[in-house]
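Comments concern the structure below.
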Amino acid sequence: METKSRSLSLEGFTFDESWEEKRKRAEKIVEILMETHPREKLLIGDPYRTLIHCIISQRMRDEVTYKVWEELFKRYKDIETIANTPVEEMREFLRKSGVGLWKTKGEWIVKASRIILEKYGGKVPDDIHELMKLPGIGRKCANIVLAYGFGRQAIPVDTHVNRISKRLGLAPPRVAPEKVEEYLSQLIPYEKWIYVNHAMVDHGRKICNPIRPKCDQCPLRELCPYAKGLVTDEDIKGKKAQR
Ligand code: SF4
């Protein structure tokens, strides 16, 4: 991900805090998250497989995604095989495997593979802008490929990172995920970017759940404006919260 040079505004936050205070708090938050949710193996380490995983995963549960992804690579060994597979066949494989949006994803998987072979010599590009030109790859997936495939410092903002960053007051409650990425990249030291996604995803699954977060069990509660009532789900979603 490219580094943003300009500063972001403090407007839109629901509580007062200087940029410097926010930065210090963000650093502590990431340290605690890394201690609470350590993950020995950070990388899948294969950009192409990471990219295909990300296409399958869109609007899918993790367990199902993983199974389908494993099965896909058992059946179609490598990028050449996938690129040479008719789109209809790939769609049928996804449909039978219970993948939502199977028509679109089948086309994305085959077409992205063909483009990587033809335009990039079979190597997934390690540039966010080139990645985002591939079918099915938005900013979140591009950052996932950079972080988990290439091991680069990047902050993919998925639903967990978006929600938790806003509850923690590291991004204003109403901004788009792209903006959340900008705030996080300004607040969190560069060498820790790669940990943010996996730590927040684990935190979101175990503690900071979408509905009724377990604030009383959370190691971040002293640092969290949501736990102090300074940010609410209503602020984030714009509707009455279920807490
Ligand atoms: S204190 Fe509550 S809202 Fe804040 S991060 Fe922890 S679980 Fe989420």
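Cβ from N, Cα, C; glycine included.
A TrEMBL annotation is a machine prediction, not a hand-curated record.
Per TrEMBL, [4Fe-4S] cluster binding site is recorded for CYS208, CYS215, CYS218, CYS224. The domain 'HhH-GPD' annotation in TrEMBL covers 56-206.
All features noted in TrEMBL, drawn onto the structure.
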| residue | record | DSSP (3 states) |
| --- | --- | --- |
| CYS208 | [4Fe-4S] cluster binding site | coil |
| CYS215 | [4Fe-4S] cluster binding site | helix |
| CYS224 | [4Fe-4S] cluster binding site | coil |
Per residue, counting other C-beta atoms within 10 angstroms of the C-beta, which of the binding-site residues CYS208, CYS215, CYS218 reaches the highest number? CYS208
Quick note, CYS224 ([4Fe-4S] cluster binding site): same-chain residues at least 6 apart with CB under 8 Å of its CB -> ARG167, LEU168, GLY169, CYS215, CYS218
Chain-mates of CYS208, CYS215, CYS218, CYS224 with C-beta within 8 Å of site centroid, [4Fe-4S] cluster: ARG167, ILE207, PRO213, LYS214, LEU220, ARG221, TYR226, ALA227
